[in-house]
Amino acid sequence: MQAATVVINRRALRHNLQRLRELAPASKMVAVVKANAYGHGLLETARTLPDADAFGVARLEEALRLRAGGITKPVLLLEGFFDARDLPTISAQHFHTAVHNEEQLAALEEASLDEPVTVWMKLDTGMHRLGVRPEQAEAFYHRLTQCKNVRQPVNIVSHFARADEPKCGATEKQLAIFNTFCEGKPGQRSIAASGGILLWPQSHFDWVRPGIILYGVSPLEDRSIGADFGCQPVMSLTSSLIAVREHKAGEPVGYGGTWVSERDTRLGVVAMGYGDGYPRAAPSGTPVLVNGREVPIVGRVAMDMICVDLGPQAQDKAGDPVILWGEGLPVERIAEMTKVSAYELITRLTSRVAMKYVD
């Protein structure tokens, strides 16, 4: 009997990379594999995508794991380096790094490195999180062009704040700031992540940085799913029924007795709970698939178990397969029901969930 298991479909992952190339045919791809590849497994994901032009991570430790695992493609530190003492490692491993503040720039100017570092200057075009403000950007850029530890030319990167809101006007403003600054500068340019790839073709430039859409999940909050853009779900969260019980009308289920059956029915108990990373906030009615058909969760999600209403005529039995999200049940639907973003759902699964890779 299978307990909580994440099944990762390598074929779907490769399909999605190819689909994104179709959407941004003139751009190179930074496959973003931060946060354990959005819960899909850092090394296995990178090894599944040998055709990616580069990989993007948030931490130096992630980049080093890629190198130790045999990944030789360029690796971009999306948030840059956090300690000047990391610069010799970044140089020796030929990592690319974002540079977004005075402290990082000063560290580059003062370092003694065997080889220069490939730098992506981060311009704050409107996210107001990381990046050099436009009024300070020319002077910052000039110092990078004069720094002996920076491989020339300097590349330029930014990030959209509201790419998933095509009518708000913010993305057009960010693009205008980005284009104005980049004009006449020789480096590579990148501003589009998942939302930019899907909705803003004028933002694709030299490199795009697909994150969640690479894994077949829509970045948009408009009830769209990855399949709407030709992508396939890569992750399926699965488990099994561990019991099937006769349940009488009027009887409550689970902690607090929050759900009471209006009819005689059969309940299934699934080996899955918030101890596995399934959202405790999932209300009664949240769908799961049992033997390929949708049934609702009933009662509270517990640490190790959830209950589902199989229906009075159900023939399901202990050991039968359950899909919590994935093939046939998009994680975006679970996000909508639970009010927990799909980003969080797929990245917060716990260490006791087994990982299985299939082709």
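Quick reminder: no glycine exception, Cβ is built from N, Cα and C everywhere.
Listed in Swiss-Prot for this protein:
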{"type": "ACT_SITE", "residues": "LYS34", "note": "active site, proton acceptor"}
{"type": "MOD_RES", "residues": "LYS34", "note": "N6-(pyridoxal phosphate)lysine"}
{"type": "BINDING", "residues": "ARG129, MET303", "note": "substrate binding site"}
{"type": "ACT_SITE", "residues": "TYR255", "note": "active site, proton acceptor"}
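Once Cβ contacts within 10 Å are tallied over all protein chains shown, the recorded positions LYS34, ARG129 are led by LYS34. Neighbour count (other Cβ atoms within 10 Å of the Cβ, all protein chains): 10 for TYR255 (active site, proton acceptor).
Secondary structure at MET303 (substrate binding site), taken from DSSP and collapsed to helix, strand or coil, is coil. Counting only the Cα atoms, the space from MET303 (substrate binding site) to LYS34 (active site, proton acceptor) is about 27 angstrom. In the structure as shown, the Cβ atom of MET303 (substrate binding site) sits within 10 Å of 10 other Cβ atoms. The two recorded residues, ARG129 (substrate binding site) and LYS34 (active site, proton acceptor), have Cα atoms 18 Å apart. Taking only the Cα positions, the spacing between LYS34 (active site, proton acceptor) and TYR255 (active site, proton acceptor) is 36 angstrom.
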